[in-house]
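K.L.:
Supplied in structure tokens, the structure appears directly below.
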Amino acid sequence: MKRLDWVDILKGIGILYVLIGHIIINENSLLKVYIYSFHMPLFFFISGYLFKVNSTYLSHIKKRLKTLLIPYTTFFIFSYIVTRILFKLSLLETLVNKYELIKIFVVANGFELNKINNTPLWFLPCLFITENVFFLISKTKKLRLIFILSLLISIAGYILTFKNNISNIWSFKTALISLFFYGIGYILKNNEILFSKIVKFISNKYILLLLFIFNMYIILLNGRIDMNSSYYSNYFLFLLSALISILIYIVISIKINHSDLLQLIGKSSLLLLGTHLIIFLLTSKYTVPIIYKKDRFNIAYDESSIFFIYIVSALIIIVPYKNILNYFSKIAHKNSLKNTKV
């Protein structure tokens with residue numbers, strides 16, 4: 001197995017949980033409470049695991065602009081266009097102020113982005129802040145100090161959630177809280193001995209089962225979590241349960257070893273993050289009414305009978321996406337061969 005195969009599998013599992021979590025309407029649903037207890041920390045952890053220290057801050061910024069802010073802008077425009085087409089009147093009513101759209105784009109937190117029906121986009125500018133703060137921390141190069149600083153800044157971020165007078169542009173409070181998971185990911189990547197010991201310990205099926213049961217108890221004890229809304233219940237129980245879940249799914253991903261489907265979904269996680277709610281919206285208004293012969297403007301969003309349809313609808317976009325990537329990859333390969341011959 002290639003070194004990062006399990007990471008793609010982990011991303012695939014994570015983004016599927018994101019999709020499922022957004023299909024479930026009932027905020028107190030056991031499955032939704034479980035998913036929300038760790039699904040976003042998982043992606044901050046993965047980002048930290050994949051983090052590579054660039055030689056200069058400028059090169060770091062350039063890379064993050066390409067991988068986070070340009071996709072954010074693209075998905076934002078896509079969401080606005082689709083929303084305007086589907087809900088022309090309601091959107092015009094929402095955007096009476098000509099600066100409202102600019103405000104949504106600039107503030108870029110979940111509350112504002114909900115106005116264009118794509119709340120999950122908050123993650124991209126939020127991660128941009130997390131990665132920039134971590135870039136400064138990583139300069140210490142001492143893993144123990146990185147852990148301490150990541151935890152302290154995370155605690156500071158949690159304290160800020162109680163300060164309503166402080167704006168939450170780019171979900172920066174969440175970005176600071178998430179630094180803990182980002183830091184843990186980076187530390188485990190750079191301490192292979194520790195990482196291997198943890199994986200080996202949890203890989204025991206009895207340990208894995210006991211850890212899962214213990215973690216479910218913590219999750220149920222702590223209740224609903226919503227990072228987008230800065231709702232954490234008991235902050236330290238949140239950190240503990242999310243970290244345990246992340247480690248459990250790392251072991252599961254490694255044990256799966258290989259899965260073309262999960263790896264493809266994982267590699268397409270950014271695309272799915274940015275498009276799935278819009279696709280759900282289109283599905284609820286057009287696809288579901290045709291299949292169930294219902295009034296297309298009165299579809300119950302959380303009907304269990306259409307759960308599968310939503311998931312499939314969101315995943316279908318991967319097919320043209322993969323073909324487009326393959327097309328440009330072939331062009332790039334041909335160009336490189338031409339340059340080599342010259």
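Yeah, the Cβs are placed from backbone N, Cα and C, and that goes for glycine too.
Here TrEMBL flags 5-319 as domain 'Acyltransferase 3'. Marked as transmembrane segment by TrEMBL: 7-25, 31-53, 65-87, 121-138, 145-163, 169-188, 208-225, 231-252, 264-284, 304-321.
Please situate the listed features within the shown structure.
P.N.:
Same-chain residues lying 6 or more positions outside the transmembrane segment (7-25) and placing a CB less than 8 Å from one of its CB atoms are 31-32, 35-36, 39, 42-43, 46, 49-50, 120, 249-250, 252-253, 256, 259, 261-269, 272-273, 276-277, 280, 301-302, 307, 310-311, 314.
Residues of the same chain lying 6 or more positions beyond the ends of the transmembrane segment (31-53) and with a Cβ under 8 Å from any Cβ of it are 7, 10-11, 14, 17-18, 20-21, 24, 123, 127, 130-131, 134-135, 138-139, 178, 181-189, 216, 219-220, 222-228, 238, 241-243, 245-246, 249, 269.
Residues 101, 105, 108, 113, 116-118, 121, 124-125, 127-128, 131, 270, 274-275, 277-278, 281-282, 285 of the same chain sit 6 or more residues outside the transmembrane segment (65-87) yet have a Cβ under 8 Å from a Cβ within it.
Remote same-chain residues near the transmembrane segment (121-138) are listed as 40, 43-44, 47-48, 51, 53-54, 57, 60-61, 64, 68-69, 71-72, 75-76, 79, 108-110, 113, 146, 149-150, 153, 170-172, 174-176, 178-179, 182-183, 186, 228, 273-274 (criterion: CB distance under 8 Å, separation of at least six residues from the stretch ends).
Counting same-chain residues at least six beyond the ends of the transmembrane segment (169-188), those with a Cβ under 8 angstroms from any Cβ of the stretch are 40-42, 44-51, 106-110, 122-123, 125-131, 133-134, 137-138, 143, 146-147, 149-151, 153-154, 156-158, 160-161, 194-195, 198, 227-228, 230, 232, 239, 242-243, 246.
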K.L.:
Where else in the chain does the transmembrane segment (145-163) make close Cβ contacts, counting only residues six or more beyond its ends and a cut-off under 8 Å?
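P.N.:
Same-chain contacts beyond the ends: 133-134, 137-138, 173-180, 182-184, 186-187, 230, 232, 235, 239.
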K.L.:
For the transmembrane segment (208-225), find every same-chain residue at least 6 residues outside the stretch whose CB is under 8 Å from a CB in it, and list them.
P.N.:
27-28, 32-34, 36-37, 202, 231-234, 237-238, 240-242, 244-245, 247-248, 251
K.L.:
Which whole number is the mean pLDDT over the domain 'Acyltransferase 3' (5-319)?
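P.N.:
Reported value for the domain 'Acyltransferase 3' (5-319) is a mean pLDDT of 89.
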